[in-house]
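Taken from Swiss-Prot, the feature NADP(+) binding site covers 26, 27, 28, 29, 49, 52, 54, 84, 85, 86, 87, 135, and the record attributes it to sequence analysis. Annotation comment: Swiss-Prot describes 109 as active site. As annotated by Swiss-Prot, domain 'KARI C-terminal knotted' applies to 184-327. Positions annotated as Mg(2+) 2 binding site by Swiss-Prot, on the basis of sequence analysis: 192, 228, 232. Sequence annotations record features per position, and here Swiss-Prot assigns region 'Disordered' to 331-350.
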């Protein structure tokens, strides 16, 4: 069955006439959503704690900023863009008591709705607009007249108007320039977590670092090992992004292709481990483990962060990256990223 995909012609921004959208959080996604919607003509207010370091930053961008409860109280749509582990507490304390009758709740990830940490009453529309890219790219693409694709879903539709609202939000974000794919909160949550854990982060990160270890332990220069197992990865990903895995393969030598086809690193046992990880995501085991750890002060999370904060390939990575002339040419983007990291590194109401 073909996926349902919507584009700009399929949404109408007049849905927002006379409505106000509250963006809770001003981190990676929060700043992009607030600025893009504002620049699309939507009435936006940013909800932050008065003591948040992001208050002045958001005001510098010309945005209206209010305490979370006040922002929620005057909004017709409330987009919650906080880290998963903080959403339920903020919802209970600041959102639920102040939510206008019939106001819509929106999310960029289905975690808290899917696993039941947030349970809105049935009279509130609930939808999701989840960009398939980090916030600074969502903003940069919008400013360039392009967009980052999104997946969209509706969980509760009490008035029959939630889909038009959801698509209008995606259009205001700039996402319908690229396209919005219909999904569900369940599908988005489970596939997103799986992709992170088994391929994009839990797969590639470990594979690259282990490859670096194998080569350097065998006596090869760390600089050469870095190039072979990490630096070239971006080029292959760019090719795959343009034309799929086949284009990436066809762009490499016959020798490289043969080595790809005959490799024994990824096996049926790997698939079984991935299926086990998916099961833990589906039955809620992973979510419970993560949320329980966070509730206890995140001791395991902090220990793991420290344990993995010094990947072996980064013993030479910074020096090599500083040598690349194109990195100097991209200094503007680097400065933007550093500014983001320094000012709004965490998407939470501080």
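Cβ atoms here come from the backbone N, Cα and C positions, even for glycine.
Of all the binding-site residues listed here (28, 54, 85), the one with the fewest other CB atoms within 10 A of its own CB is 85. Taking H, G and I as helix, E and B as strand and the rest as coil, DSSP gives the domain 'KARI C-terminal knotted' (184-327) the counts 117 helix, 0 strand, 27 coil. Burial estimate for the recorded positions (49, 109): highest at 109, by number of other CB atoms within 10 Å. Calculated from their C-alpha atoms, the gap between residue 109 (active site) and residue 85 (NADP(+) binding site) amounts to 12 Å. Comparing local CB density within 10 A for the binding-site residues 192, 228, 232, the maximum falls on 192. Considering only the binding-site residues 192, 228, 232, the residue whose Cα is spatially closest to the Cα of residue 49 (NADP(+) binding site) is 192. The binding-site residues listed here are 26, 87; among them, 26 has the most other Cβ atoms within 10 Å of its own Cβ. Residues 26, 27, 28, 29, 49, 52, 54, 84, 85, 86, 87, 135 are the ones the record ties to NADP(+), and the longest Cα gap between any two of them is 21 Å.
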